[in-house]
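Below you'll find the structure I mean.
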């Protein structure tokens with residue numbers, strides 16, 4: 001019986017794999033469109049406003065860094081809040097916070113006010129809604145999770161493709177504050193998106209039982225039988241020397257969801273660190289309470305830490321790059337119309353890439369982490385080409401390539417964690433990642449803005465951001481090579497394992 005299925009009498013209750021889950025997917029897509037759509041268009045929305053205040057690059061770097069810092073703190077406590085109240089309630093709190101921040105941006109007059117409205121309120125609200133959306137979505141879809149996630153990501157790409165053009169036309173028609181009012185009305189749809197995040201128990205399907213849920217090989221108390229179940233291939237494959245490891249892996253596989261790009265039913269993740277239930281029975285200290293509260297035992301796992309650091313660096317590099325791109329294009333004397341069109345072309349390529357991933361997922365079996373690594377590697381190459389073109393068509397082509405690769409960095413992100421973590425530790429593991437990612441962004445964000453202000457060169461800033469992206473590629477590459485070499489070194493040892501004779505005992 002797969003995790004998430006509930007036996008009741010002669011039927012079992014399973015996730016709907018559709019039905020209300022379709023509204024959950026649409027709600028998740030709606031939330032990400034209105035939240036993510038504004039990030040690459042930050043320069044279009046606030047560029048002129050910050051220029052009038054005499055602050056530009058440094059303010060953008062500071063505000064975006066604080067945005068992700070607030071997002072990270074909110075994400076860290078989402079798992080704890082969901083233990084205190086319902087997942088849907090946490091999402092509604094996040095939506096209200098995001099809407100309040102959107103309304104406050106209408107009346108901002110200084111950088112500090114923009115910092116509070118956009119970074120604190122909207123960042124914290126976004127941080128609460130992300131884990132809620134992913135957790136609810138994962139509960140509604142098991143067998144169709146990858147397909148439905150691809151559809152949702154395609155809707156997100158379609159929405160974000162038109163977002164910069166819409167913002168620019170709103171600016172032209174209503175001015176800065178009128179455009180902020182329109183965006184506040186659009187952002188209020190996050191409340192509707194969180195309202196549809198019903199608990200999956202409300203919509204479980206009943207499936208008749210076609211087999212005895214009690215395994216025939218399990219002994220029944222008070223009964224004796226001379227018949228033994230036939231040997232299976234697994235019985236001959238599991239040697240006594242590896243039975244303990246096999247049983248432990250089987251227990252972990254029962255609680256996990258494989259989330260590779262092609263199929264979520266083929267789990268291949270490694271064993272993670274033990275949780276707090278495996279400690280001794282000594283009284284818990286204050287530090288141990290904090291460790292359990294935030295699930296900090298995950299930080300003992302070097303692979304998890306490498307995943308978190310790599311994705312944090314890649315995400316910051318990606319978001320900072322596309323935030324600075326409009327300002328760089330303005331410096332090259334591109335018009336606002338050309339800039340919005342170039343951004344829209346990149347978003348269109350992002351949409352095409354999402355459709356490509358959805359189609360390729362039906363025939364290719366590639367781990368989500370490998371897709372992420374490839375996207376980061378090819379993005380580094382594309383950025384060098386970006387700094388070598390200066391005309392509209394060249395810039396549009398290179399931006400389209402980077403937009404196509406950008407999907408490989410954003411779409412597989414939650415799947416990388418669900419590949420590695422057991423299902424019950426996904427909320428805490430993803431929340432801890434959001435916390436660390438936000439703090440990393442907060443720490444290195446102002447540095448890039450400072451470099452831009454001191455050197456007066458966007459090229460230097462872009463090279464620094466490319467170096468930050470390399471901090472994802474290089475450690476991941478060495479980790480993968482190390483694990484493969486270690487695995488090959490252990491393979492010959494299996495040939496020396498002897499199979500002891502098994503004597504049958506009689507009661």
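Positions of Cβ are set from backbone N, Cα and C atoms, glycine also.
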Which stretch, out of 457-478, 479-500, is listed as transmembrane segment by TrEMBL?
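Checked against TrEMBL: transmembrane segment maps to 457-478.
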Residues sitting near the transmembrane segment (457-478): Cβ under 8 Å, six or more positions beyond its termini, same chain?
57, 306, 309-311, 313-314, 316-318, 320-321, 324, 327-328, 331, 369, 373, 376-377, 379-380, 383-384, 386-387, 444, 447-448, 451
What stretch, picked from 20-39, 59-77, 89-108, 114-134, 303-324, has the most CB pairs under 8 A with the transmembrane segment (146-167)?
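The stretch with the most contacts is 20-39.
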Using a Cβ cut-off under 8 Å, which residues of the same chain at least 6 positions beyond either end of the transmembrane segment (59-77) come close to it?
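Same-chain contacts beyond the ends: 39, 42-43, 46, 50, 53, 94, 111, 114-115, 118-120, 122-128, 130-131, 294, 316, 319-320, 323-324, 327, 430-439, 441-442, 444-446, 448-450, 452.
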By a Cβ-Cβ criterion of under 8 Å, what residues six or more beyond either terminus of the transmembrane segment (173-196) are in contact with it?
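For the transmembrane segment (173-196), the nonlocal Cβ contacts are 20, 23-24, 26-28, 30-31, 34-35, 38, 45, 48-49, 88, 91-92, 94-96, 98-99, 102-103, 105-107, 125, 129, 132-133, 167.
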